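**Q** Submitted below is the structure of interest, expressed as structure tokens.
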């Protein structure tokens, strides 16, 4: 059975607090295990979860401010220490290649892990994965910043009762799914006759940014949206000045984009009561709302399933 969940390593913004580590998030999605924005202390936070360095298949960095990347040296060195046998892809803004090189080789170590360095060079760049498409969109922040979304293609859910009615079983089912039709006893049976549409799932990851087209492009119809809400609406002017979002803005984005489950994170150290973020966001979003806490796990919501009609 496939696993699709978000493991939260840290939820602070510029400075960690006694309750919140710097950023860090792991997305488990079938055979992909993607580490997003490993801030300072991410390697140690992993030890408190069921995720290990050997699980990681990919690292995605939104931008090169410290709270989103200072965990890279330790994480990269851990890949070699644990002798990770498979290649690990790394994505980051191409304009930050010098920062990545410095972080990758911040200290001397015996490098054995294979890193596939694949910078993001353009807005809308897509990377084809076995489970779908990883897309990067440009965000609005003082330095080059990209958000990411993972989109699974739409498919079909086969209806056992209809397969049985047509006498289709075993390898013939796979052929029907792959080819789209099957010639059986002098009759052509199409895939649409024995299935219903299966909408693909979508995950979106939006960190440091002001409101912009990229935010909405990433959030569109997301089953799970992880989005920064550094400030409350009382600091909206400051948020706009420094390229961040408020809880209210993030919630409105989710509502306008048809998001199913909303995870707010990246909280400024000036706030000590997370309920304030919940209350502000709830006034603008009536779906599943989660105020992220360190070392918690968030499941993707159940897949949307079309009716058989």
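Cβ atoms here come from the backbone N, Cα and C positions, even for glycine.
Per TrEMBL, the features are:
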| type | residues | note |
| --- | --- | --- |
| ACT_SITE | 67 | active site, proton acceptor |
| BINDING | 63, 65, 141, 208 | Zn(2+) 1 binding site |
| BINDING | 67, 68, 208, 266 | Zn(2+) 2 binding site |
| DOMAIN | 20-125 | domain 'Metallo-beta-lactamase' |
| DOMAIN | 196-267 | domain 'Metallo-beta-lactamase' |
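Neighbours and distances for these, please.
**A** Under DSSP, residue 67 (active site, proton acceptor) is assigned to a helix (H, G or I) in the three-state scheme.
DSSP assigns residue 208 (Zn(2+) 1 binding site) to coil in the three-state reduction, outside any helix or strand.
Secondary structure at residue 266 (Zn(2+) 2 binding site), as computed by DSSP, is coil. Residue 266 (Zn(2+) 2 binding site) counts 29 other C-beta atoms within 10 Å of its own C-beta, drawing on all protein chains shown.
Across the domain 'Metallo-beta-lactamase' (20-125), DSSP helix (H, G, I), strand (E, B) and coil residues number 32 helix, 23 strand, 51 coil.
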**Q** Report, as a single number, how many Cβ atoms besides its own are within 10 Å of the Cβ of residue 68 (Zn(2+) 2 binding site).
**A** 25
**Q** Show which residues of the chain containing residue 65 (Zn(2+) 1 binding site), separated from it by at least 6 in sequence, have their CB under 8 Å from its CB.
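**A** 14, 143, 208 - these are the non-local Cβ neighbours of residue 65 (Zn(2+) 1 binding site), listed in sequence order.
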**Q** Which value does the mean pLDDT take for the domain 'Metallo-beta-lactamase' (196-267) in this predicted structure?
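**A** 98, rounded to a whole number.
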**Q** Suppose the Zn(2+) 1 site is 63, 65, 141, 208. Which further residues of the same chain have a Cβ inside 8 angstroms of that site's Cβ centroid?
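**A** Residues close to the Zn(2+) 1 site, other than 63, 65, 141, 208: 62, 64, 68, 139, 142, 143, 145, 207, 209, 243.
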**Q** List nothing but the one residue from 67, 208 whose Cβ has the fewest other Cβ atoms within 10 Å; the candidates are the recorded positions.
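**A** Minimum Cβ neighbour count within 10 Å, taken over the recorded positions 67, 208, occurs at 67.
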**Q** Can you tell which of the recorded positions 63, 67, 141 lies nearest to residue 266 (Zn(2+) 2 binding site) in space, using Cα positions?
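**A** The smallest Cα gap between residue 266 (Zn(2+) 2 binding site) and any of the recorded positions is with 67.
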